[in-house]
Amino acid sequence: MVNMSTAGDGAVLQVVAAPAENVPIRQRITLPLWSSNGAQEPHLYSFDALCDGAEHLAVHWPGPEDSVPLVRMHSECLTGDVLGSARCDCGPQLNEAIELIRAQGGVLLYLRQEGRGIGLYNKIDAYALQEQGLDTVDANLSLDMPVDARRYDAAAQMLHSLGITRIRLLTNNPEKIAGLRECGIEVTERVPTTSFVNADNFGYLRTKVTRLGHQLGPVEAQE
């Protein structure tokens with residue numbers, strides 16, 4: 001449920017992100033971007049007082065007014081998004097999401113949830129254990145870390161703040177759908193992401209399917 005009142009130059013929303021939990025949030029700034037050729041690109045949205053205290057970012061490409069927006073909740077991945085690491089599929093998924101949302105209209109939620117929420121340094125430690133033969137699940141557990149520490153109530157708050165309560169979600173992870181629905185977001189359709197399989201991430205993606213319940217379809221080894 002969302003209640004809106006005017007205060008100052010912005011709207012304060014009371015969002016029920018969990019039972020008996022009302023969290024006031026505010027859009028901090030809206031900033032249009034422009035590409036090098038002069039074409040207007042998306043608007044950036046930052047927020048105050050999100051329930052997890054993180055500096056998440058919403059990137060909005062407007063679409064047709066009567067359409068259900070396509071949304072991607074993308075967890076930050078320095079190694080994949082910035083460095084192009086082939087040991088995960090994060091970078092290609094991010095690029096695909098930007099292309100699809102730009103074409104269809106919707107929102108990219110860039111969430112500061114490095115390493116499925118355990119943080120960059122812990123993720124690198126987990127990578128070191130994976131080099132010794134552990135999969136991504138057992139590596140986290142060996143570090144006394146959760147297999148997946150992410151929550152999606154802040155993402156739901158961001159969508160509510162943008163006036164979005166019905167979405168098509170670009171994901172292979174059913175936990176993301178469940179997390180948003182628990183916070184009052186109607187997911188009308190799951191739009192699958194491409195399975196970006198290569199020789200380096202084959203084991204990782206197979207673990208996503210067999211141990212984390214992701215819906216990637218058959219994951220076949222690549223030469």
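Our numbering is plain: 1 for the first residue shown, then up by one each step along the chain.
Backbone N, Cα and C define each Cβ position, glycine as well.
Under the heading active site, proton acceptor, TrEMBL lists Asp148. Here TrEMBL flags Arg150 as active site, nucleophile. The GTP binding site annotation in TrEMBL covers Arg72, Met73, His74, Ser75, Glu76, Gln93, Glu114, Gly115, Arg116, Thr136, Thr171, Lys176. The Zn(2+) binding site annotation in TrEMBL covers Cys77, Cys88, Cys90. Marked as domain 'GTP cyclohydrolase II' by TrEMBL: 43-192.
Sequence features annotated in TrEMBL and their locations in the structure.
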residue : record                       : Cβ within 10 Å
Arg72   : GTP binding site             : 25
His74   : GTP binding site             : 20
Glu76   : GTP binding site             : 20
Cys88   : Zn(2+) binding site          : 21
Cys90   : Zn(2+) binding site          : 21
Glu114  : GTP binding site             : 19
Arg116  : GTP binding site             : 20
Asp148  : active site, proton acceptor : 18
Arg150  : active site, nucleophile     : 20
Thr171  : GTP binding site             : 23
Within 8 Å of the Cβ centroid of the Zn(2+) site residues Cys77, Cys88, Cys90, which other residues of the same chain have their Cβ?
Ser75, Thr79, Gly80, Asp81, Ser85, Asp89, Gly91, Gln93
Could you tell me the C-alpha distance between Cys77 (Zn(2+) binding site) and Glu114 (GTP binding site) in angstrom, no decimals?
5
Please list, for the domain 'GTP cyclohydrolase II' (43-192), how many residues fall into helix, strand and coil according to DSSP.
57 helix, 34 strand, 59 coil
How many neighbouring Cβ atoms, not counting its own, are there within 10 Å of the Cβ of Cys77 (Zn(2+) binding site)?
22
Taking only C-alpha atoms and a 10 A limit, tell me which of His74, Glu76, Arg150, Thr171 are near Cys90 (Zn(2+) binding site). These are the recorded positions.
His74, Glu76
Cα separation, Arg116 (GTP binding site) to the residue listed as 'active site, proton acceptor' (Å, whole number):
5
